[in-house]
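Quick look at what Swiss-Prot annotates:
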ACT_SITE  Tyr39  active site, proton donor
ACT_SITE  Lys94  active site, proton acceptor
BINDING   Lys94, Asn318  substrate binding site
BINDING   Glu136, Asp137, Asp162  divalent metal cation binding site
SITE      Asp162  site 'Important for activity'
BINDING   Ala195, Gly196, Ala197, Ala198, Asn286, Asn318  NADP(+) binding site
SITE      Lys236  site 'Confers specificity for NADP'
Amino acid sequence: MTDAKRQAALDYHAKPIPGKLSVELTKPTATARDLALAYSPGVAEPVREIARDPENAYLYTGKGNLVAVISDGSAILGLGNLGPLASKPVMEGKGVLFKRFAGINSIDVEVDAESPQAFIDTVARIADSWGGINLEDIKAPECFEIERALVEQCNIPVFHDDQHGTAIVTAAGMLNALDIAGKSLESARIVCLGAGAAAIACMKLLVACGARSENLVMLDRKGVIHSGREDLNQYKAMFAIDTDKRTLADAIEGADVFVGLSGPGLMTEEHIRRMADNPVVFACTNPDPEIHPDLARETRPDVIMATGRSDYPNQVNNVLGFPFIFRGALDVRATRINEDMKVAAVHALKDLAREPVPQAVLEAYDKDAMSFGRDYIIPTPIDVRLLERVSSAVAQAAVDSGVARRPYPAHYPLKTVDDVYG
């Protein structure tokens, strides 16, 4: 980042008021009567009602539209383990996106815990304060155990966006890309470079969407994850296959799909040349992908390419998913975000990309036209229809799969965030 851009980022966060979020009042407070209702003695009445039935917290407090964004700061963006407090700007930023795109209030919680179990214990004890929990920037493999334990212990949705948000958007784009390439997920040969939280979640969700595990090769820093390796943790071991392939060059031969969640420049011209016709390449490392889009297209003009960057077509951006997934989950008071809800989000995103693009989106991107094809396989983050389509699909899937505590909302579909409260 240039000095000018660095200073602009610092100024944005510091001026005119430090931080990006604030608390606003939702009730009148102008008179003595207002204050008596807001606090003592009036506040005693909702206290009694919640003590009588904890579900009344959704009626008398902001719990139902409140998500906690929680981190230990062990894997902050691409910066690494910088500690809980340093993660606060990122957690506030996540809150901005929740509010901007789905009308969800949030609070950021940075936990200084000496172990994964200490983190789990801390969060579990206070989880009932919120309608949902978004885990963020927690390193692998600890993030898997933390999420699993909290899902089991909490009766509200717990969602590690670094895993599942990336997976949902990737799967949606992948289904569309393969369709354009004249291929199917069920028969596609997939190579995944990377075996961290996002990579493992992506491959698990692709399998849930129809990919065959025997057609999937995953690589970590030591090469292909195969059944002969004895250094695999339980999460990598799920993807160990019986093969004589050992390197990316071996694995990529004839592959239909490459998913990169690893590091910059790790895919070469020779690698992409070895892929099958109409190769699908998702090079998602930011800011520099596994292979630069210009180089990929120069080497393989038939490539269908996606990256994590906003300055190239087909950006894999988690903001396409998490605000609307939580919106749908909160509005039916789901106890968890399960596989059915994730798959529903995948198909909602996939289908939306096939519809005509609104004029407002074209103007925002200074385009005369955008339509479903090689350069448009995923919707754009500013498409207002995301709120309607993804939230509705997730809410319906929660109801259908039995994790909703309320019926499908009568005020759905949502057209804008102003419709959130019906």
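Cβ atoms are placed via backbone N, Cα and C, with glycine included.
It should be emphasised that the depicted structure is a prediction, and the values quoted were computed from it without experimental measurement.
Mapped onto this structure are the features recorded in Swiss-Prot.
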residue: Tyr39; record: active site, proton donor; Cβ contacts under 8 Å, 6 or more apart: none
residue: Lys94; record: active site, proton acceptor; Cβ contacts under 8 Å, 6 or more apart: Val69, Ser106, Asp108, Asn134, Glu136, Asp161
residue: Asp137; record: divalent metal cation binding site; Cβ contacts under 8 Å, 6 or more apart: Ser71, Asp72, Gly73, Ser74, Ala75, Ile76, Leu77, Ser87, Val90, Met91, Asp162
residue: Gly196; record: NADP(+) binding site; Cβ contacts under 8 Å, 6 or more apart: Ala140, Leu261
residue: Ala197; record: NADP(+) binding site; Cβ contacts under 8 Å, 6 or more apart: Ala75, Ile138, Lys139, Ala140, Pro141, Cys143, Phe144, His160, Asp162, Gln163
residue: Ala198; record: NADP(+) binding site; Cβ contacts under 8 Å, 6 or more apart: Asp162, Gln163, Thr166, Ala167, Leu261, Cys284
residue: Asn286; record: NADP(+) binding site; Cβ contacts under 8 Å, 6 or more apart: Gly78, Gly308, Arg309
residue: Asn318; record: substrate binding site; Cβ contacts under 8 Å, 6 or more apart: Asp161, Gly165, Thr166, Val169
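Take the mean position of the Cβ atoms of Glu136, Asp137, Asp162, the recorded divalent metal cation site; other residues of that chain with a Cβ within 8 Å of it are Ser71, Ala75, Ile76, Val90, Leu135, Ile138, Cys143, His160, Asp161. Under 8 Å, Cβ to Cβ, and six or more positions away along its own chain, Ala195 (NADP(+) binding site) finds Met218, Leu219, Asp220, Ile225, Tyr235, Lys236, Phe239. With Ala195, Gly196, Ala197, Ala198, Asn286, Asn318 listed as the residues that bind NADP(+), the site has a largest C-alpha separation of 19 Å. Classification of Asp162 (divalent metal cation binding site) by DSSP places it within a helix.
Its Cβ placed at the centre, Asp162 (divalent metal cation binding site) has 25 other Cβ atoms within 10 Å.
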